[in-house]
Amino acid sequence: MPSLLLDNIGSLVTNDPALGEGPLGLLRDAAVVVDGGRVSWVGPAAAAPDADARHDAEGRAVIPGFVDSHAHLVFAGDRTAEFAARMGGQAYAAGGIRTTVAATRAASDDALAANLERLVDEAARQGTTLIECKSGYGLTVDDEARALKLAHRVTDEVTYLGAHVVAPEYADDPAAYVDLVTGPMLDACAPHARWVDVFCERGAFDGDQARAILSAGMARGLTPRVHANQLGHGPGVQLAVELGAASADHCTHLTDADVDALAHGQTVATLLPGAEFSTRAVYPDARRLLDAGATVALSTDCNPGSSFTTSMPFCIAVAVRDMRMTPDEALWSATAGGAAALRRTDVGRITPGARADLAELDAPSHVHLAYRPGVPLVRTVWREGALVTAAR
Ligand SMILES: [Zn+2]
């Protein structure tokens with residue numbers, strides 16, 4: 001792959017305070033050189049070295065590609081009617097997941113793969129260069145393992161979520177389902193996943209069940225992450241911090257003790273505003289977490305039931321408008337924050353040695369992502385140095 005000089009960048013977000021201004025490490029009139037899929041040089045355009053090829057950013061903003069650390073992309077079926085009913089006043093409950101489980105089990109590998117690839121492409125066109133992907137719509141040994149193998153086709157960040165809800169066959173015996181998830185299903189799934197996750201919520205799994213599931217996964221070399229405190233207060237956040245989970249996701253209903261635990265532990269608070277948007281729920285309070293000192297990530301939670309968006313720019317706009325984040329904080333959380341939630345240091349930043357994941361915006365500044373909500377501002381995307389989507 002020839003080296004590439006991205007020249008004449010009006011505003012460059014590096015996410016390295018050593019390279020530029022503020023926490024975003026902002027550089028004006030900047031340039032970046034990409035070589036062998038990595039960033040090899042970052043600095044003032046006037047000092048840029050030569051490269052094999054040149055891309056003129058014409059004064060536009062360049063940011064790190066978004067790191068979407070929470071997505072459910074292996075599924076079939078459609079829940080349009082459920083969404084419409086909810087917008088008509090019906091309450092959201094975790095059990096709607098079972099509708100997608102039936103459709104997913106019935107779908108062919110090819111159909112699931114096609115839907116998965118379509119969603120990853122859709123995300124990439126909006127600037128996402130790394131996306132996590134969970135199982136959780138199979139809920140049998142074979143269907144969960146199949147989902148993880150399919151997810152591996154599109155990402156290394158694969159999460160075993162056999163504990164999404166209790167499988168319908170086990171509705172009368174949830175303890176037996178936990179035995180399956182921590183036994184034969186884990187045996188089949190652990191070789192294909194990096195992470196283990198659980199939906200710790202009323203209507204899904206309680207604190208004791210979640211602890212058993214995460215501990216079993218950890219014993220097989222998986223690292224925990226937790227769906228926590230989405231629909232109400234619960235033990236999920238405290239359990240995530242206690243077990244050293246990489247991330248507690250949702251964090252919508254938090255006590256002071258929950259906030260304190262996140263501020264002092266090693267667990268990132270991943271906020272998923274698409275879920276509150278699509279269930280017409282109260283948004284999490286990012287400001288409270290940031291002021292306490294917690295690390296905050298933003299992610300889409302893309303799934304067919306409660307948040308059917310792949311758009312990180314949409315999540316940024318909502319986070320700024322309704323979750324008391326500044327535009328700078330939201331951009332950081334959607335890039336470096338997502339990287340932290342996946343315990344990655346090679347993505348979410350534009351620094352020498354980092355993976356060459358970059359997005360050029362049709363705007364002079366990253367602030368436009370919130371300032372111009374709903375406008376398709378992502379113009380050009382490079383993933384590992386390769387052009388993913390070019391200017392229209
Ligand atoms: Zn989720």
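Each Cβ is built from the backbone N, Cα and C atoms, and glycine gets one as well.
Please treat TrEMBL annotations as automatic predictions, because they have not gone through curation.
The structure displayed is predicted, hence computed values, not measured ones.
These features come from TrEMBL:
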type	residues	note
DOMAIN	62-363	domain 'Amidohydrolase-related'
BINDING	His70, His72, His227, Asp301	Fe(3+) binding site
BINDING	His70, His72, His227, Asp301	Zn(2+) binding site
BINDING	Arg79, Tyr137, His164, Gln230, Ser306	4-imidazolone-5-propanoate binding site
BINDING	Tyr137, Asn303, Gly305	N-formimidoyl-L-glutamate binding site
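Shown here: features listed in TrEMBL, placed on the structure.
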residue: His70; record: Fe(3+) binding site; Cβ contacts under 8 Å, 6 or more apart: Glu132, Lys134, Ser247, Asp249, Thr270, Leu272, Ser299, Thr300, Asp301, Ala341
residue: His72; record: Fe(3+) binding site; Cβ contacts under 8 Å, 6 or more apart: Cys133, Lys134, Gly136, Tyr137, Leu161, Asp301, Cys302, Asn303, Pro304
residue: Arg79; record: 4-imidazolone-5-propanoate binding site; Cβ contacts under 8 Å, 6 or more apart: Gly96, Thr99, Thr100, Pro304, Gly305, Phe308
residue: His164; record: 4-imidazolone-5-propanoate binding site; Cβ contacts under 8 Å, 6 or more apart: Ile97, Lys134, Ser135, Gly136, Tyr137, Leu139, Phe199, Ala204
residue: His227; record: Fe(3+) binding site; Cβ contacts under 8 Å, 6 or more apart: Asp197, Val198, Phe199, Cys200, Glu201, Ala204, Gly236, Asp249, His250
residue: Gln230; record: 4-imidazolone-5-propanoate binding site; Cβ contacts under 8 Å, 6 or more apart: Glu201, His250, Thr252, His253, Ala275
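Listed binding-site residues: Arg79, Tyr137, His164, Asp301, Ser306. Those with a CB atom under 6 Å from ligand 1: Asp301. The maximum pairwise C-alpha distance among Arg79, Tyr137, His164, Gln230, Ser306, the residues recorded as binding 4-imidazolone-5-propanoate, is 20 Å. The binding residues for N-formimidoyl-L-glutamate are recorded as Tyr137, Asn303, Gly305; their greatest pairwise CA distance is 11 Å.
Annotation note: His227 (Fe(3+) binding site) sits in a strand segment as assigned by DSSP. Other than the site residues His70, His72, His227, Asp301, same-chain residues with C-beta atoms no more than 8 angstroms from the centre of those residues' C-beta atoms, the Zn(2+) site, are Ala71, Lys134, Asp249, His250, Leu272, Ala275, Ser299, Cys302, Asn303, Ser307.
Surrounding the centroid of the Cβ atoms of Tyr137, Asn303, Gly305, where the record places N-formimidoyl-L-glutamate, the chain contributes additional residues within 8 Å, namely His72, Phe75, Arg79, Gly96, Ile97, Thr100, Gly136, His164, Pro304, Ser306.
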